[in-house]
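Engineer: Pulled the feature table from TrEMBL, pasting it below:
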type	residues	note
COMPBIAS	695-708	compositional bias 'Polar residues'
DOMAIN	5-165	domain 'CSC1/OSCA1-like N-terminal transmembrane'
DOMAIN	186-342	domain 'CSC1/OSCA1-like cytosolic'
DOMAIN	353-619	domain 'CSC1/OSCA1-like 7TM region'
REGION	695-764	region 'Disordered'
TRANSMEM	6-27	transmembrane segment
TRANSMEM	97-116	transmembrane segment
TRANSMEM	143-164	transmembrane segment
TRANSMEM	355-379	transmembrane segment
TRANSMEM	399-427	transmembrane segment
TRANSMEM	447-466	transmembrane segment
TRANSMEM	558-578	transmembrane segment
TRANSMEM	599-620	transmembrane segment
TRANSMEM	626-645	transmembrane segment
Amino acid sequence: MEISALLTSAGINISICIVLLSLYSILRKQPSNYCVYFGRRLVCGGARRYDPFWYERFVPSPSWLVKAWETSEDELLAAAGLDAVVFLRMVIFSIRIFFVTAVVCIAFVLPVNYYGQPMVHKEIHLESSEVFTIENLKEGSKWLWVHCLALYIITSAACLLLYFEYRTIAKMRLGHITGSTLKPSQFTVLIRAIPWSPEQSYSDTLSKFFTSYYSSSYVSHQMVYHNGIIQRLLHDAEKMCQSLKHVAPEINCRPSLTPCTFCGGPTATNSFHILSNEADSMKSMELGELTMTTTEQERPAAFVFFKKRYDALVVSEVLQTSNPMLWVSDLAPEPHDVYWKNLNIPYRQLWIRNLATLVGAVAFMFVFLIPVTFIQGLTQLEQLSHAFPFLRGILKKKFINQVITGYLPSVILILFFYAVPPLMMYFSALEGCISRSIRKKSACIKVLYFTIWNVFFVNILSGSIIRQLNLFSSVRDIPAQLAKAVPTQAGFFMTYCFTSGWASLACEIMQPMALIWNLVAKVVSEHKDDSYETLRFPYHTEIPRLLLFGLLGFTNSVIAPLILPFLLIYFFLAYLIYKNQILNVYITKYESGGQYWPIFHNTTIFSLILTQIIALGFFGLKLSTVASGFTIPLILLTLLFSEYCRQRFAPIFNKQPAQVLIDMDRADEMSGKMEELHKKLHNVYSQIPLHSQKPSIKAETSTPFTNQELPDPEKLKPEEGDAIAKELWGFQGNEPGQEHDAKSCPSASPEHLSPKMIELYKRN
C-alpha cells in the first residue's frame, strides 16, 4: 500500500473526527439534548430547563476536554465505581507503554528500516509502506541488533508497568471489598440444584438441610420463584401508571430505574374515586392468577443468608454433598446485579448450554471468514484485477484506487463487526450467568477472542491465501509465515486504526442513535416529555477494541513502527472521550469489582509473546542467528513474569480473603451493626422490590426542579452529579435481560396495597 493511500484514509477520518467533535461541543449545550449527553447527571422528570438564547451555545468549545482532564481518579471512583477506574487505567497504561515504544522505534528502528537497502528513495507520499518495515532490510544485516534491543526495552517497560498496575488495582479490589461494610452479597449464598422431594417443597427441603448442617450460622432464606406471573404483574402495573399519567396530567410520578407497582397518591379528576374501605375493592374481584401455590411456583434455587461473612464464604467454597450436581453453592451477586431470568435454568442444563454456545460462537467465526476474505481482496487490487479483468479500467484511477485500498476495507469490516457484540451478549446470556456483570464479562471475553482472531489472524491468513494460495506447511514455519505476512498487512492495520479507532471515538461521543431517537421523540411525534433511557458502559465492546489496538501496536512495533504515532493519538482521544462519557452519560448500576483487569493483563502478555515470536521468525528469515538467540530467553522471561503475577495477584480477583472478612465481621459485631443488617437481608433479594422506607423530602416531590432551572451540568462536580442521579433515580433492579432503564413511576410502598396483594408480595 502506498503512503498516499494511507494519507487519504487519515485525511478522511481526521475530517470526520473534527466535524463530529465540533458538532458535539455545540449539541451538548442545547437544552433539548441534555437527556442525550447528560443522562447520568441530569434527571429532569418532565421539567424543562429554561435557557435564554446566547451566542456561546452555537460556537464549538473545548471546555469538555478540560473538565474531563481535570477530574481526578478519586472523583471518578466515587462517581462511577471501580470498573470505570480500571478501564481508564487500561487506557493510561496503553498511553505510557506506547509512548515509550514510539520513542524507541521511531527514533532508532524506523530509520534503520528506511535505509535498510541501497536504493533511490522517492518523495514520502509516493513511497510504499513496505519501505518503512523490517522487510526493507537485507539478509544478514548487522542492524538487526537494533530491533532485538528495542524488543528488550519494550518488553521490560511493559512488564514493569504491568506489575505496578496489577499491584495497585489489587489494592483497589481489596478496598472495594472492605469499603462497604454493609454489603448484602457478602452474607448471602446462592444455592442451586436443590433436590426435589414429593413430600415437601423446595423451601422446606432447604430449611431442613441448612438447619441440620449449619444451625449455628444459618439465618433464613429467600426462594426463587417462576417469574412469569411476577413480570406480568409488573407489566400491568406499569401500564396502569402510564394510563393514570395520561388521564390526569397533574399527577406526576417520580422517575425510577425500576418498573412501578402502583402509582399511589390522590387523584385530581372525576375519572377515579377513592374507596372508603380498601376491603370493599376486593369483594367482587376473583384472585385468579394472583393466587398461586408456593410449591408450584418455587424453583430449585434460593438465596441463603448467614450470620457472618466468613460463614457465607465457607459455604460457597465447600462441596455440600457427595454429588457435586446437587446443592451447588456460589457467593451471591449484589441484589441489583442478579440476572433473575437465568436463576430458573436447571443446573444440569448449564454444561449443555456452555457447549452449545461454544459451538455457535465457533460456527459464527467461520461464517465471518467470508466478509474478511472479501475485504482482503480489496487490499490486494493487483491480484483482484487479474481475477476480474473488467475492473482494470476503474482501478487505474488514482483517487479511486487510494480510497478502495486505504479506506473502504476497514469501513466494511467495522460495519460487519456491529453484529458481533449483541450476538456474543446473547450467547453469554444462554450460558446461564447468574449476574449481569458476569454475563458482560463473559461477552467481553468472547468479543475479544472473536476480534483478535478475525482482525489480526484471519486478515493475515486470507492475505496469504490471496497472494500465495497456501497456508502454513508445518508448525515450525508459523513464526516465519507470520513474519512474512504481518508487514504486508501493516497498511491495512493503520487504516483500521483510523476508522475503528478515531472515527468510532467520535461516533461514541456523538451518541448518534440516542440523538436520532431524541429528535424523533420530540420533533416528529411531538413528545414533550423528557423520557429517555439510561445506558451502561459497554465494557464488552470497548475493552476488546482497546486490547486489539494494543496487540496491533506491539506486533508492529519493531516490524512496521509507522503505526505507533496513530495509535498514540487514538489512546489520548480515548482517555478524554471515555472519561467524559463515564462522567456524563453512563450510569453505573452494577459492576464486577475490577475483574476486567486480569483479562487486560493476560491479553497484553499474549501480545508481547506473539510479538517476540514474530520477531524471532523475522530474525530467522534475515539469517541473524545472534538476534534469534537473544529472543528465545526473552520469551521465557516473559512467561515467568506472567506466572508470577498469576500466583501473586490473580487469586485476589477470584476469591475473597478470609482474614479481611473476619476482621469486618468483628468490627460490625462490636459496633452493633450486624443485627440491623440481618433484618434487611430477606427483602433486598426479593424479585419484586419493596420500598417500605420513607423517601427523603427531596425525593417526595413528584417532579424534581419543576418550573425552575435544572442544575447546570457544566458546574456540577462528579460526586454532586452522582448524588443527584442516585436521589432522583434510585438504583433498583430492572427486568431480567434489560440493559437499560426507561423512566417510570416509582414502586409503591406496601402501605398502599390491599391485604391480598401484600400476601402475594410476601410470598415472592
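Cβ coordinates come from backbone N, Cα and C, glycine included.
Remember, predicted model here, so these are calculated numbers, not experimental data.
Are these features on the surface or tucked inside, and what touches them?
Structural biologist: Residues 93, 96-97, 100-101, 104-105, 108-109, 112, 116, 134, 137, 554, 557-558, 601, 604-605, 608, 611-612, 615, 618-619, 622, 624, 626-627, 630-631, 634, 637-638, 641, 645 of the same chain lie 6+ residues outside the transmembrane segment (143-164) yet bring a C-beta within less than 8 angstroms of a C-beta in it.
Beyond the ends of the transmembrane segment (599-620), by six or more residues, the same chain brings 90, 93, 134, 144, 147-148, 151, 154-155, 158-159, 162, 165-166, 441, 444-445, 448, 452, 478-484, 486, 543, 546-547, 550-551, 554-555, 557-559, 627-628, 631-632, 634-635, 638-639, 641-642, 645 to within a C-beta distance below 8 angstroms of the stretch.
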Engineer: Near the transmembrane segment (558-578), which residues from the same chain, at least 6 beyond its ends, have a CB less than 8 A from one of its CBs?
Structural biologist: 10, 17, 65, 68-69, 87-88, 91-92, 94-95, 98-99, 101-102, 105-106, 109-110, 113, 129, 132-134, 147, 150-151, 154, 483, 486-487, 490, 493-494, 497-498, 501-502, 505, 508-509, 542, 546, 549, 552, 611, 614-615, 618
